[in-house]
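A.B. asks: OK, TrEMBL features for this one:
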- B:1-21: signal peptide (SIGNAL)
- B:28-B:152: disulfide bond (DISULFID)
- B:29-172: domain 'Peptidoglycan recognition protein family' (DOMAIN)
- B:40-178: domain 'N-acetylmuramoyl-L-alanine amidase' (DOMAIN)
- B:65-B:71: disulfide bond (DISULFID)
């Protein structure tokens, strides 16, 4: 029973990390009420110089709300202010500069810089820059703790060049930096639930799991599937020795 | 046996996933140092804040070269044009790539370049391919040299592990790096519009 639970747990961890890696990275900003949020979205001058550019909010219901729009090709200005949203297109550098002033708690949510190419393509705009997850808190002591494991991510630098020093940004996993799930899994493997019952069965689980982890880590470090093959061979010969209780 | 199969499957898939995610951390390939290509001394002082997150790929739009002797001369020509004619403190690029398959050290990893606009220069490493790539492509050895250089940058901590490659025409109003080279870099995994 314990073994099955452990298997299930491992699979759950694995699948959840796969899903996390597959999601496009969000950029999280945590600010207080009254502060100003700033971000620079970069667009390709070659592709989108004459395209409409918009700052949109994604509602929980999946709707897109255009908060501000710049359309220089149609003769519009390069700076636009709509309420507390300020947008400026710096065409020579490929920058859409976004500012939201005097933040309120209700401003918390998901935002995107998009290219709005065609009136008919309103439902499928092209996203440039990571989606922005804005969290506005009432009180400094209310700042929520990070929900992921931020210490695993190298890109977590508060002073990124295109973000003002007033904001903190925590870049979540991009599909390429999958390294964070290994520490998580090793933590689960070394949990106290493993070596509690001193039966031969549990010892086999513990030893084989540790050896699996060692082989996987070696395989990763050496970038070779040879280790995975060795793993198969070792486990086959090792697993055949003690009595298999399932049979 | 099923228990082991489950764990093995997990281990194998994890290995594959991580293998795909990792970059090839080879030792740094050879870079032709400034002295060797007889560069004029640099007068630049502005440093780059490392690690840098962006790489801008351009072309010189000038003559190409396919031997070390010719490329050495071409690197000097580019530097002369930038430093003497345009008045830059040095050749504008951080690195130059020749069709001889070699990387030539320009301003290097630590000094801010003058290869694009005033917003992008302090934020990026500028690498240029010596030649004009509107109608033709650089040879595979030149592309390999460039990729190897970028991997080296990550290994040395000069480039962020999640750096992004951009074409010069993505960040400035220009034809650089040329239609052919632009199409090639757009296929690179690190390319982001």
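Placement of Cβ uses the backbone N, Cα and C atoms for every residue, glycine included.
Predicted automatically and left uncurated, TrEMBL annotations should be read as such.
Note that the structure is predicted; figures quoted are calculated from it, not measured.
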A.B. asks: Most Cβ neighbours within 10 Å: which of the disulfide-bonded residues B:28, B:152 is it?
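C.D. replies: Result of the Cβ crowding comparison: B:152.
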A.B. asks: How many helix, strand and coil residues does the domain 'N-acetylmuramoyl-L-alanine amidase' (B:40-178) contain under DSSP?
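C.D. replies: Per-class counts: 41 helix, 31 strand, 67 coil.
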A.B. asks: Rounded to the nearest angstrom, how far is the Cα of residue B:28 (disulfide bond) from the Cα of residue B:71 (disulfide bond)?
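C.D. replies: Each residue's Cα considered, residue B:71 (disulfide bond) and residue B:28 (disulfide bond) end up 21 Å apart.
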A.B. asks: Take the C-alpha atoms of residue B:28 (disulfide bond) and residue B:65 (disulfide bond) and report the distance between them in angstrom, rounded.
C.D. replies: 23
A.B. asks: Please report how many Å separate the Cα atom of residue B:152 (disulfide bond) from that of residue B:65 (disulfide bond), as a whole number.
C.D. replies: 24
A.B. asks: Return the residues near residue B:65 (disulfide bond), defined as same-chain residues 6+ apart in sequence whose C-beta is under 8 angstroms from its C-beta, sorted by sequence, else 'none'.
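C.D. replies: When sequence neighbours closer than 6 are ignored, residue B:65 (disulfide bond) has B:71, B:73, B:74, B:98, B:99, B:100, B:130, B:131 within Cβ distance under 8 Å.
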A.B. asks: If you draw a 10 Å sphere around the Cβ of residue B:71 (disulfide bond), how many other Cβ atoms fall inside it, taking every protein chain shown into account?
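C.D. replies: 24, counting other Cβ atoms within 10 Å of residue B:71 (disulfide bond).
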A.B. asks: In DSSP terms, helix, strand or coil for residue B:28 (disulfide bond)?
C.D. replies: coil
A.B. asks: Summarise the model's confidence over the domain 'N-acetylmuramoyl-L-alanine amidase' (B:40-178) as a mean pLDDT value.
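C.D. replies: That region's mean pLDDT is 97.
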